[in-house]
Structures are given as structure tokens and as C-alpha cells.
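Novice: First, the structure itself, so that you have it in front of you.
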There are 2 protein chains.
Amino acid sequence: MLQSIIWSDGVLQLLNQTLLPAKVEYISCRDWQTVAEAIRRLEVRGAPAIGAAAAFGLVLGARELITDKEKFWTGLTEIAAALRKTRPTAVNLFWAIDRMLLVASRYDQGTDPAIVVAALEDEAKAIAAEDKEVNKKISLYGAQLFTRDEYAVLTHCNAGALATVAFGTALGVIRQAWSEGKIKRVFVDETRPLLQGARLTAWELAQENIPVTLITDNMAGWVMKKGMVQAVLVGADRIARNGDVANKIGTYSVAVLAKEHGIPFFVAAPVSTFDFTIASGADIPIEERSADEVSSFGGIRVAPDGIDIFNPAFDVTPNEYITAIITEYGVLRPPYDQAIADLANSEKIKIRR
Amino acid sequence: MLQSIIWSDGVLQLLNQTLLPAKVEYISCRDWQTVAEAIRRLEVRGAPAIGAAAAFGLVLGARELITDKEKFWTGLTEIAAALRKTRPTAVNLFWAIDRMLLVASRYDQGTDPAIVVAALEDEAKAIAAEDKEVNKKISLYGAQLFTRDEYAVLTHCNAGALATVAFGTALGVIRQAWSEGKIKRVFVDETRPLLQGARLTAWELAQENIPVTLITDNMAGWVMKKGMVQAVLVGADRIARNGDVANKIGTYSVAVLAKEHGIPFFVAAPVSTFDFTIASGADIPIEERSADEVSSFGGIRVAPDGIDIFNPAFDVTPNEYITAIITEYGVLRPPYDQAIADLANSEKIKIRR
């Protein structure tokens, strides 16, 4: 099974997703700055993967401070703050760092830093291990939503093994449903500007011989109109208390198109993607990235000079477009306010345990 | 004013649109095969431009037959058939060839071919000259639809000077409305796979200092959701009797999104783009192009091997999504059956004249 994140002998190996599918190459991260840079450059991307990578990044940073008891705690806080600044939208990043700092906070400031670092390493490993388990549960719950034969689904961006520690959220569901014979084919939006659909999702699925049809993003409506897909499945970068979902730019357009064609629109995401502190998607910060991502391709300039470029990396799909949200605790249905409040409560119980 | 098609000294100069915006380079066509190849390769593209290019292509072909009275008429028919096969969707191609053959048919088969060729050249020149006039009329009618200040519009693909002989249909309206101060900015979908929006539309508008914001196709919904555009304006490749519109792939998605956001969706097209012989869009043949257009970019492969690719070059937007169709005879409104029947009648009168 493909692993985008491997922690081995105190080194974090990140599969460099910017080089796929041409090259399978891991980046060896021996310090937190390399991890931060990898997140910023999208060498590791996907909400759950970013969270796990940041957790290990904090371990690497803490390890550098191990000999300096004086600076350990302020240093840890600074590194956590720096990791938080790498990307703004995916809440898993903040969730993972919060969880790591919570572990550290259980120790007295006089504790030998080596003990705290060991505890942080255990917690980062736990985050990674749990992510795999969570994705398996999401996959099993999600596959139950598919009952008909001859199902083809459409997905946008990459919510697969590459976006997580393993297996994937939306692609986890797709893998599971396919293995159960419920899905026969996956339509993949190429997902401009960075082509995560073409480069990552199509590649992941092709490796497992799941039939893929790649399309450009602007073909999704026509594919639906022609009756070629019966469901849409995507991941999420942040989900608000009311069920509004931030995900890769273009997700909102796909959701509107799905609604127009009476096609169910499913979101698959772990509880770590829910932001229980915000009431709606209006509060989700949307990252805007460099104009070069749109104006150039593979180093070739495709747009003229002297024009403006708008490059939001995400959009927000309002809850009314979402048929169901698949989590490791089960499938949430509207009204999402209530369903997510219940989830928050069960999650609180789990954390306290 | 930019000219994509220039007839000069018996040579057809076609602006090679596949090289824009990096290079402004004309292809000198001295035989009909070069014209046919240019149409097939999208070196000249855009429904009205294809029509005019094919008309001149037929002149070039006829000229080659000028010394062989025996073969002139069969040769002309064969060349016309070959030109018809270059691309299937834009009806202007067939319209222009029909119009040329109609002129030829007025001559007795015993006529000196030189006389027929001269008449064909006059007709091709008339088609080109009329296209400019037609676009000016479309632009003036269309600009009247914009009454508010601070209007930003969104367009898809390229229905500009490059897609026509000059001035453009949808971009003609945009140019006119901008010059009247009714439009302040144009959002341009990059229009994958061949990026006619990024490469051609953004370039055309930037040359005239019309403010452009380039977006990827999958951002259109989010731009509408955020209230950044107040209208959509596109061209057309073929319009059925009921008002269904075939246009560049992705147009249908934009139309659905416009409807969802209560934004008017306007189509600008000359009468030569109407196919009065077909009842609905279901009868419009949709060209499917090479998978390479989607899987590679600038020679760089971006998708893995071993996957399927769907690459329809056009889609059909049903009439119910279309707020109005702007023609050189005025603005058509629903019900389109009636409006287009009236147009067909007035057009017939014109042709008989």
C-alpha cells in the first residue's frame, strides 16, 4: 500500500507529490524547516497528510531543542507557530499541532526535554496510525451508501492515500466500493491549476487497476448531463459546525452541477477535519496562491503578461448541496447542525478518555 | 485591429492561433490542403473564422483546377467534401461551403473555370467582409443588454476577433460594452484543454487594455458565488431550431452555474451559426479530440499511462439556460422556437434577394 508519509529511524520521509506521476521520490526531512517547506510547496498535501506531517515536524523541531532546557518550551511554541503558518485552510494542520502541544503541556517545564520529545514522537505516531484506522472506517461506512450496480462516481482533486497517511478518505470509499463491485469506473476531474486529479488520483487508481476516465474540470457538467456518473465523492479541508465544506477549488461548482442533475454529492472526512469553533463556511480562511500556478504550465507561460489572475486554492460548498458527510463515526445527514453537534460531543468524550 | 484571416494577392494568411500568445505568426496558405490542415489542427478556430477560412480554401482549390475544364466541377465537389470533413461541430463551416457552392451552381458547366473562380473569390471576400459587419451589429445589439454600471462579465473560450474575421461575437459585445463604460472587467475561464481563454481571449483583451482576470475553469462557480460577475457572455458553434447551443466544452457547466446564481447567460452568434435543419441540440454532432490534449501539456505528460480519457471538444447548453441570443438581426428571447423560426424567415428573404 502506497504511503505518502513514513517515519523511520527518526527521519520523516515525505513522498514528493509535486513530481508525480513522472517520479516517485521521497524527501528526507531531518529538521522541521524541511517539513514546513514541504507543506508550503505542496510536496505533501491533503488535509490529513498535512496534519500528520506537521506533527512529525514538531517532533523534529523539539529534538533539536533537546540539549537546551532553557529554550525548549519557548522554542517548541515558536516552531508550532511557524508550522501553523505554512497553510491556512486545512484545519487538520491546527488540530494536529494542538494535539501535540496538549501532550507537551502535560509535562512540567522542569522535565527533561528528552522525555517530552519521546512523548511527542509517540503522539505523532499515534496520529499517523489513527489516520489509517480512521480512513478504513470511513471507507466501510461510505461503501454502504452505494447499493446499485454499475455505479460510476466522479471525484475532484485527490482525497486518496496521497492526501492522508494511507488509504484515503473519498478514494478510500471508492476503493472499498470498487472492491465490493459497487463501482465500475471513476471519473476524475484533472483539478487545475495543480492537476492533483490527473497527476495523483488517476495515478493512485491506475496502480490498483480501478478503471479511470480522466476529464478536464469543465467537462464535469457534460458528463453528468450525459448520465455517465451517478454520484460525486470528494474529501474536505475544513468543515464548519453547520456542515459547510471547504475543499479544493472547483468542489463548489461540482456540487452545484450535482444538484442540478439530481446526483448525490458525498463528502468523506475524518473528525479532525471538522472545525467545531466556527459556525459556518464564511469563517473559513481561503488560501490564495501564486498567479504562476495559473499562468504557467511546466515552466511554459500560457497567459499573456499584464493581466490579473485570481487563484483561490479552495472554495466553500454550502451545506445544502451536500447529501451526506462520511466520517469514522458514521454517515452524517442533514440537518448538519444537529449531526455535527452530536459528533462534537462524542469526540469530546473520546478525547477526555 | 487584429485580423485572424487576411486574403491578399491570392494567398490566405491565417494567424496561427496555436502559437499565441508566445508568437504572432501567420501561415501562408497557397493551396486548399494547407487550409484544411490549419482547420483540423486548430491553427484557425472559432466558428465564423473556420467558415471564412474554408471559403477561401475552396477558392484556392478551385484555382488549382482552373486549367482543367474536364475535372473542374468534380474536383470542386471533392474539395468541398474534404473541407467539410475537417471539423464536425461548427455549422459555419458547412454554411460557408454551401454558400460558395451555391454561387458556383449558378454557372453552366461549360463556363470558363476562370470566371467561376473569380465569382468564388468574390463570394469568399463577401463572406469575410460580411462577418465584420455582422459582428459590429451583434456588438451594438449586445451592448444594449448592459445597463448597469460596475458590470463584470465572465466569458468562456474565445469568441473574439481570433474566432471570427474581425471584432468577435461575444468579445465584440464585451468590447462595445466596455467602450461604453458598462463593463469594468472581464473574467476569463482559461478553457482547458487547449486554453483558448488564457492564450487567446486574455491576450486579445489585454492588447486593448480591457481589465482581465484569468481564472481556471473550476473557479467560475466560486467567482459567481462571491458576486464577482454579473453576466456571462459566450459564443456558439451551432444553434438548433429550439435554441439549444453547442459551444466549447465547459459552456454547459457555466450555464448551470449562472442559473444557480441568478446571473444572465447570453450567447452571441451570427445567423450563420444557426442550423435551421435540426430541431434540437441532440442532433448536433460533438467532436471528440485526441486524448493527448488532456494528458499532456506543452509536451509534458501530466497523467499516468493506462487510463481512459474523455475529450469532447464541445457540449450542448439546453435553451432553458439561455437568457438571450444576440444576433446581427437583434436579440432573441425565449421562447426560442418562435424567435428562431422568425429569424429563419427573415434570413431566407435575405438570401433570395
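Every residue, even glycine, has its Cβ placed from backbone N, Cα and C.
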Novice: Per TrEMBL, which of A:ARG84, A:ARG87, A:ARG289 sits in the substrate site along with A:ARG45, A:GLY46, A:ALA47, A:GLN196, A:ASN247, A:LYS248?
Specialist: A:ARG87
Novice: Rounded to a whole angstrom, what is the C-alpha distance between A:ALA47 (substrate binding site) and A:ASP237 (active site, proton donor)?
Specialist: 5
Novice: Suppose the substrate site is A:ARG45, A:GLY46, A:ALA47, A:ARG87, A:GLN196, A:ASN247, A:LYS248. Which further residues of the same chain have a Cβ inside 8 angstroms of that site's Cβ centroid?
Specialist: A:ILE50, A:ALA90, A:CYS157, A:ASN158, A:ALA159, A:ALA163, A:GLY235, A:ASP237, A:ALA313, A:PHE314
Novice: May I ask you to report the DSSP-based helix, strand or coil state of A:ASN247 (substrate binding site)?
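Specialist: In three-state terms, A:ASN247 (substrate binding site) counts as strand.
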Novice: In whole Å, how far does the CA atom of A:GLY46 (substrate binding site) lie from that of A:ASP237 (active site, proton donor)?
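Specialist: Given the Cα positions, A:GLY46 (substrate binding site) is 7 Å from A:ASP237 (active site, proton donor).
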Novice: Compile a sequence-ordered list of residues in the same chain as A:ASP237 (active site, proton donor), six or more apart from it, whose Cβ lies below 8 A from its Cβ; state 'none' when nothing qualifies.
Specialist: A:ALA47, A:THR89, A:ALA90, A:VAL91, A:ASN92, A:ALA246, A:ASN247, A:LYS248, A:THR273, A:PHE314
Novice: In whole Å, how far is A:ARG87 (substrate binding site) from A:CYS157 (site 'Transition state stabilizer') when you measure between their Cα atoms?
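Specialist: Checking the Cα atoms of A:CYS157 (site 'Transition state stabilizer') and A:ARG87 (substrate binding site) gives a distance of 17 Å.
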Novice: Return the single residue from the binding-site residues list (A:ARG45, A:ARG87, A:LYS248) that has the minimum number of other CB atoms within 10 Å.
Specialist: A:ARG87
Novice: Using DSSP and three states only, what is A:ARG45 (substrate binding site)?
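Specialist: SS state of A:ARG45 (substrate binding site) = coil.
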Novice: Among A:ARG45, A:GLY46, A:ALA47, A:ARG87, A:GLN196, A:ASN247, A:LYS248, which the record lists as binding substrate, how far apart in Å are the two most distant Cα atoms?
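Specialist: That value is 17 Å for the farthest Cα pair.
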